[in-house]
């Protein structure tokens, strides 16, 4: 049992790392083997995560330590928050892998793609399991590295440009994060993630210094989380293939930033201490601005994936907002949105990919009447979109509910509620026209590139089922939010542990 | 006081001449003049070595510093004649900067030297080296240092020579040889070369207890080779093919093998058994002499001789023979 | 048993002679001659790690009169790097030079280079260091001009002349030391040297000479052409090892021999030059149009980082904090060594296949040479300082030291340098990933690609995950100034 | 006495050198310069060597010195010959 | 077991909605409301069920109010289902009438049976949003109306959502039964009034209604004007703290608004030229009455106990009669209306106008009893309004529009429901005749005839309102759409802001802004801003 | 001892003269000359260190060092000249 608690986190990492590395060296033609490796890895990971969930729920300790350098330890540690993120990424990885297998059929460089794909997930899982700030930074940078080839995958000038912009932002962010982390590390001699935070034990530290460090950390993480002045890469990165966008927006990159912010606030600074420092209100303001800004920008985008990208900018800041409001309810809201947004956004991107793949539709204005042509995809899209707006019983509603409750509880309703409401309205304003076009308009002209004409079904299975599955998931985790082992319950568990002190 | 300054006089003159010659050699725009002045400088230096009780060095300087270097530089002048001279201009400011820098550094070094030699002279290794002389197997302290105390340095130094020669070989083909010399010169060569070889052997032998040694001997041998070449013998007395290789390798190889061989009995690297050390040193020195001479001559010849086949040539031969 | 220390020097030397004698077998001899010292180095490392610093008094003479070889943590690390890198490069070169005309000479010089490196890292005597330095310089020069092109010759000549200037400057420093302290043995000097004019002037002279050799900023101009025009295996060791040798000496001098002599101001000056080198080198690398030139400029920049450690080290009192920084410095140097050699090897593969190394025309490389592209990417990761490479850890500790010593000034430099490094590496990768006809039909994994990728893996994974060994080894010092 | 003789010999040898040097500097063309130089050198050196040999006193050393003188004689003769030949060739071309 | 039955009314339609594309006969839709009817008729009052793991815990309960709403709502739903034209049921039909109809039905059932606020909210949202598909029609104007409806609904949802948040935090529970434990926060109250106010079309928040009622398909209007509109009222009844004393400003405000609604509905209604529009404004007037009554009850907790059941009954009456009127109108407007239709419509109109011997009349007398003589003026006004509007409606029936409707419209069903509508729920009281109830009737009739006499003058009034080329047509539906230049002024401020916020080119083809170009929405936003500042000031 | 100091200082001067010239000249041959002069300066310092007056035996260690240095310098010079020659050849081709 002892050994398992040490090996399980490593095993979870390796279950995607090893297939990734193996896939790299597979010739392009070995389609079946690659698929097998991918799925095997994903399933093994799912299994291991299952064990992890069970264990963490029963307060078992899973921890791996590896001494790297004086004062630097590589720590993988599973707490409830990690489990939340790990299970999200694992589950969605499986789905995305299936989707990607279907999506990339007959395209070149698949070995490379799936190799980096697996590495990307490894990095994400590593982020989730990171037990101290150092390990977090390591995986944070790794994530940057693993995603860059995915964004540049097509090799077209736009793809390369998008990837370059992505890098520009994320390397800069990674650097800031690293500087902040090192600084903090130097001051405290090692920053383990401890529920409730560690910094309040260092009473002698200069408060202003800690504020600056917080700023650095947030700036660094904010790049990936696409907080407003730092969000510029995200809409550019939508040139990536659809599975990558899905991964980027729902599981890996953006979430990594948000997750990091949550970690910093709760497990490094400690939310009460952070509030005492007065840094949370600033962060909340930034999050609020981002929420509104992203939505407003999304309104004017005709390109579907760009609109979704701006929507991500807006939605991810909900998590940040939840983290920035003092109080367990807001925490729950933010945390649960981590999962909910992921599931919903991945649905949207899958669907967008399907539209592009089947009908060559890239723009909202081309979507007239697509609902009848691709009912399954469109239904999934609709559920995701409604969830984003916060319509019950889709998952997004639960997040908004807890965020709102948290805001009211913390007395921050004056500015949070208007933001939430305005954002919901704006969400509706940019999502509902899409639904309207899809369902209620009739197709005027032939679609740009119709590949499904004459097909028995609207799409091949690996393309159709992932969005449908995630949409169903989004519906179910919203509908059965109060059920045991639901994300909401985990979020409550985490919030309970964070605020126990 | 007076006598002191009197005894100082030759030293002062020598020092002034050294500096003057160096200055003249370096500031001359005419390369040939510079080289000739440099050779003169080297000879003067040899006198200074002698004045400073360093006869080994005086020999070496005369043979190597002035002689061989001079020969090399003189030959190099031939190449320079055809080349495009691109003397870049150095701005006045940077000239001043460099001058200032040089002045300051010279003053600093001088200051330190004054401190260490005059104000607070330190006890150095002389005592120790001389007291250990009886265990070294030779009675010339310089040879003792070179081939016993600091034999490792010498080994590496031989490697340096080998490297340089290999470099010379790698870079290009050999320089054209000279025409067959006239009868006068030939006659001289007939006398001179055997004499030089004998001298070299003498220097080698005498190195154990008096000024002389492998380097001086090697340089003398090399001089013989150079003379031969000047007289029209392209190979400059060197062997061809494998033997040339062997002669290049011999010095280092023997040195190394001896060094390693003495460890078999549990000694340290290069720790000669005391009884054997004299003869071992002599053996090493002989081989080194050969190697040094070969190397120096090769360096003078300035390139890859025809007999020095590359691997590709071997490959080609093999193919042809098939 | 102590004779162990001679083997890393003697073995390559012996095999060099063999290679000279049997040129036809030189490929085999060369690889074997690189492998055997590796074994010796491993043994030495094991010994040092197990039982502390080793000393071999050559000829049985007491150090001072005689020469001592010493192996402590720092030298063992350097030896390991050099032995591993040369091993990989040798395997690579056995393919690269398979049909070259002068491969016989190459192998001899190659083995001599290894001899020089190992001798340098093991030497415990100042004058012997001068000799090894010269030997190293000469072998490097000759290897650098093996390519035979005009540029390479010109660069090699310039390299040689500057190297001579550098070693002479070093030598006069040695002379002053001998004048002042009457010994050349470094262990004895470590005890004897006290702050004073002699030490200052000697140190500045020696440092000046070594700075030329290690190409610190205003003295760097010889490096890019020399490294860029040499044959790929040679460039690899030049960038990875040869410049590091000078750096190693500077470390020895500053931290162990002249500990207590070094003033903060001097360290700051060197640090500033390092900082300029970081920015300037990275910028030049970003502008470079050729792959190898880029790598060479990147070397200038990376060396700058190493020198930026100096003010930090000088500001720290002896003890754990300083060892931490020193370990970081060494780790950074090691990572750079492995990564840069891998990078150059990969560049060489590309150059051999494509016939050029113009960055803008590398489209399709990632497709036709996936392993090489992968190597470049991995090496690039280490050069930027991203995890899991060793340089990430090193930079982390560097930043940490920076905060501890309060020397904020260097922070922007590190930041800018890292970003610029990212820019040039990913610019390159962008071109490599771009579509294009590629560099050749070959899709297979060449034998020469394996050593390159292994080197890159060492830099990124091995040094990342087993970096603690560096910090364990570094405090093992054979000299008084060290962690005694 | 012998010392005095030796000194006289040495100094006169030096005088020869001196004049030889003056000749080298002052004489108009190459051949006459060579003439002045070789004569001065050979004779000067001979005188110096004899002087030094007397000073030293041992026959072995005297022999060595004599050998040196002979060698120099040989060398300077040959080199003077070569130089003049070279000069002649140059003039002819 | 008993409680589980309560899940049927929402669940059955939802399940049917999943397979709606297979259901091609309208009887399926008809039967979707059967569980509701069944529960309304047979289920035991007071039965309830809690499902803790769904959403945040769902609570269902059936009380008498709920039972009535469920029962009569089901009737309307069933009848409306029969009114769906068969071409909308065909597999390839545009729009998603079946699905939205079923979902709206489910939402309606859910909110009626909800025992906690969240469940209510979920049902409310489901119903409100699904109804978009019911308002949506084929004409451009109908789509626009649907958009406006959607915006208003969304705003209503969000207001309700925010209110729920405050209620949850202040009360710690979402159950209705725990609601009165604590004094309600002012902001929650304001938000509740706003949220349900949109649904019940309080004046100012009613702008969506006339368009939707005039342009939407008939089945849509039927359910919209009946069960769905009353859901807003039900919301108030459920949420508002009638038992606890409150700042009188709230009740008075609501009362005033309600009165305004009555007046406005009457005044604007009588000048309409479409019968549907008249009915729409009649709804506004009627709901104004309800609002006023709610406001009154808020201020008079001691009377509330007696008053609220009456309000419920009155609401039920209206719930039945108004849809019946709409559907009757549809029958009337088809090609060959039967001779029997006019009296039937007359009967309905009389009932709505609270004519003695009808359900309406009985309700009104019950109301005045419950009020104990207070608010007599309002009742009078409401009566006058009812009579005037119904008169206008009947008058307009003469110029009937010929629709292209080809379906056999289920007139029998309508007829069957007619008596229920006319006399329910006061059938036992309906035949009590009181003279004083005739007073409003007389006044109303007089007003109506006055209108008839002066209709030329009214026309000229309409012309006089025309200015600057804008059709500020008092009589037309658009009157609210083009409120005096406020929107364009706003727009002038907004456009540069918008451009500043968006450096990217605004793509006109994208049709991104849902209904931002609709002036009604601007009006809504203005209102929201006012309310927002108001509530903020209250909250702070 | 002053005499020794004199030579040592001369060595320092020579060294810096050489360095100065090496920095200022930019063709190979003069540079090599300059470096050789520098080297001579360094050697001079070493040798003057070794000298301990007429009475005491000299210190052999610096002598050996200088001997080594001398050979190294010649080797490097030869190499540099060879490189230079090759470059000249290329120029002429």
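Glycine residues also receive a Cβ, built from the backbone N, Cα and C atoms like all the rest.
Feature annotation (TrEMBL): of E:375-397, E:467-489, the stretch labelled transmembrane segment is E:375-397. Of all ranges given (E:3-25, E:187-209), TrEMBL attaches the label transmembrane segment to E:187-209. Using a Cβ-Cβ cut-off under 8 Å and counting only residues 6 or more beyond its ends in the same chain, the transmembrane segment (E:105-136) has close neighbours at 6, 9-14, 17, 32-33, 35-36, 39, 48, 50, 55-62, 66, 69-70, 73, 77, 95-97, 99, 142-143, 145-146, 149-150, 153-154, 156-157, 160-161, 164, 167-168, 174-177, 179, 199, 212, 215-217, 219-220, 223-224, 227-228, 231, 234-235, 238-239.
Beyond its flanks by at least six residues, the transmembrane segment (E:187-209) meets 124, 128, 145, 148-149, 151-153, 155-160, 162-163, 166-167, 170, 228-229, 231-233, 235-236, 239-241, 246, 250, 254, 257-258, 260-261, 264, 280, 283-284, 287-288, 290-291, 480-481, 520, 523-524, 527, 531, 534-535, 538-539 of its own chain at Cβ-Cβ distances under 8 Å.
Within its own chain, the transmembrane segment (E:310-332) has Cβ neighbours under 8 Å at 65, 68-69, 72-73, 75-76, 79-80, 83, 213, 218, 221-223, 225-227, 229-230, 233-234, 237, 275-276, 279, 282-283, 286, 290, 293-294, 297, 338, 341-342, 344-345, 348-349, 351-352, 359-360, 363-364, 366-367, 370, 393, 397, 400, 403, 405, 409, 411, 414, 417-418, 420-422, 424-426, counting only residues six or more beyond its boundaries.
Listed as Cβ neighbours of the transmembrane segment (E:148-167) (distance under 8 Å, sequence separation of 6 or more from its ends, same chain) are residues 117-118, 121, 124-125, 128-129, 131-132, 135, 174, 179, 184-185, 187-189, 191-192, 194-199, 205, 207-208, 211-212, 235, 239, 514-515, 518, 520-521, 524, 528. Outside the transmembrane segment (E:375-397), and at least 6 residues removed from its termini, the chain residues within Cβ reach (under 8 Å) are 258-259, 262-263, 265-266, 269-270, 272-275, 278-279, 281-282, 285-286, 288-289, 292-293, 296, 325, 329, 332, 342, 345-346, 349-350, 352-354, 360, 364, 367-368, 437, 439-441, 443-445, 447-448, 451-452.
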